[in-house]
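Undergrad: Below are the features I grabbed from TrEMBL:
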DOMAIN    54-502  domain 'SAM-dependent MTase RsmB/NOP-type'
BINDING   D177, D204, D298  S-adenosyl-L-methionine binding site
ACT_SITE  C389  active site, nucleophile
Amino acid sequence: MEAPCDTAALGYPETFTGEFIRYCLVHHLPPLLFHDLSEVLERIPRYIRVRPQYMLKNIVMPPEDNNVAGEVAARQERCQIKAQIAASFGVSSASVEEVEWLPNPYYYAVPRGVAMSRAAIYQIGMVSAMDAASVAAVVALRPCQGDLVWDVCCSPGMKLSLIADAIGETGVAVGTDINLNRLFTARSVLRKHQAGNVCLFAADGTSFTLHEAAAALDEMISSGKPGGNGLTPWEERKLRRFRKRRHEMSVETATASIGMKEERELAVAFSTVHARERICCIEKWKNEHQGFDRVLVDAECSHDGSLAHIFFNDATRKPFSAAKATPMTVSSGIDNAHRMQRLHLALQSDEKEAKVQEELSPLLQIQLNLLRNGYSQLKPGGTLVYCTCSFTYEQNEFIVRETVSRVNSSNDIKRQYNGEAVIRHPFLYTHETVSLEAISPIVRLTDAQAASLQERLKMDPDPYGILCAEVRNEEEATFTGVRLWPRNFATSFQFIAKIWKRPLCSSNTE
């Protein structure tokens, strides 16, 4: 039985479980953090992105010479977009605002109570709901036209859809997830958005490889006409067998077995013709192909920083409903109290001591393995972004620093990974050599935006003293990543770190 906990005496919200309070105490998450969240939650808007296929040409391709006439025309058309969004959602144009710290004019804040699913522009896929913090992770990755990109934990598919739009028709986005139900959600999103450059695999991200994925694709399209999900009959049968085996396993067994030999199997869940052709070519030329251009590791985490999971006071209200919205019925089973019971705390009886003994908790081990395998599949010169919605130091800075330490531990290890891991600021791109023309405007910050965002993140990096309580020496205090705090950005929390795989040369391998 869970020991009673005096939440009032500790200062945490009364709705917090004893287990969660213990977790907060262990990880130095103070009551003030959650009181701030409960207050800011009422002010956080909904965020949408306008998909580039629906943007007018002179907005997508702004004039290079910055002439006055061009600027006026661009402003007018941006006003038209705002007016169309407002009309579709039934709100005033003044309540629709561009997100000034994300690439303009593709991201907007709208009142949190809008009935988004009823709006025509949402139903046709012109706009999609996507939190600004999630967009920021993809902007940090900055996928380019023609890139081969892997989204390691791709469900529910919003980041993957943004990546697919950014890389264009010549690129390929690969998504994986071990949970089939979540993967099918991502598949629905991609089908709705008519993504023509994506391939989805039911696979364990801790062991997935590009060449295994290529081998799993049926090259013999002539053996059967692909169905609605782009799969051949052989692939459909393999997916059904995979699903049956997964169904026979309990959730606990499936989680515990991640990384075991029998979990190395994978199955194709969705594929477009273009994605299939390019990935199959990789298998033919595997001795020459060196991996993904970019990798996104949106890792499985405890969700302690997810506003959709924290139950503050109203058990019947959806996370982003309006303050005066009609409460849901509790029987729906998706209220915040239910979500909070599903937090993946994975807290061991003595996690601190375990870390000292170099034994990571199961959750930290999964995160480490996801990040390390993501890095191993990255080609030299490629970029990896790691992000979570956890507040904790262990799941963020510690995991990134531990991974970099292991993959850089010796020159032999660096040669195994075919590069040296270098931590970069998520919104600094000076290490990249791509031309601006290759970068889609939907993920491209202006120089002024990037500089402003870097300064904004630097101003208040640790407002609750979480890092200060955890960091023990100068090495641990070195820069690892950034934290987007809800009170500063009016969005969900997100930790974002970026690793560049610097190509090896004689000077840094000797």
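A Cβ is built for glycine as well, from the same backbone N, Cα and C atoms used for every other residue.
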Undergrad: Applying the rule Cβ within 8 Å of the centroid of the Cβ atoms of D177, D204, D298, what extra residues of the same chain belong around the S-adenosyl-L-methionine site?
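TA: Going along the sequence, the neighbours come out as V152, C153, C154, S155, T176, I178, N179, A203, G205, E300, L370.
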Undergrad: Note down the number of other Cβ atoms within 10 Å of the Cβ of D298 (S-adenosyl-L-methionine binding site), including every protein chain shown.
TA: 23
Undergrad: In Å, rounded, how far does the Cα of D204 (S-adenosyl-L-methionine binding site) sit from the Cα of C389 (active site, nucleophile)?
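TA: Approximately 20 Å lies between the Cα of D204 (S-adenosyl-L-methionine binding site) and that of C389 (active site, nucleophile).
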Undergrad: Would you kindly give the Cα-Cα distance separating C389 (active site, nucleophile) and D298 (S-adenosyl-L-methionine binding site), rounded to the nearest Å?
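TA: Rounded to the nearest whole number, the Cα-Cα distance is 9 Å.
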Undergrad: Could you round the CA separation between D177 (S-adenosyl-L-methionine binding site) and C389 (active site, nucleophile) to a whole angstrom and send it over?
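TA: Between the Cα atoms of D177 (S-adenosyl-L-methionine binding site) and C389 (active site, nucleophile), the distance comes to 18 Å.
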Undergrad: Would you please pick out, from the binding-site residues D177, D204, the one with the fewest other Cβ atoms within 10 Å of its Cβ?
TA: D204
Undergrad: For the S-adenosyl-L-methionine site as recorded (D177, D204, D298), determine the largest distance between any two Cα atoms, in Å, rounded to the nearest integer.
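TA: Output for S-adenosyl-L-methionine binders D177, D204, D298: max Cα distance 14 Å.
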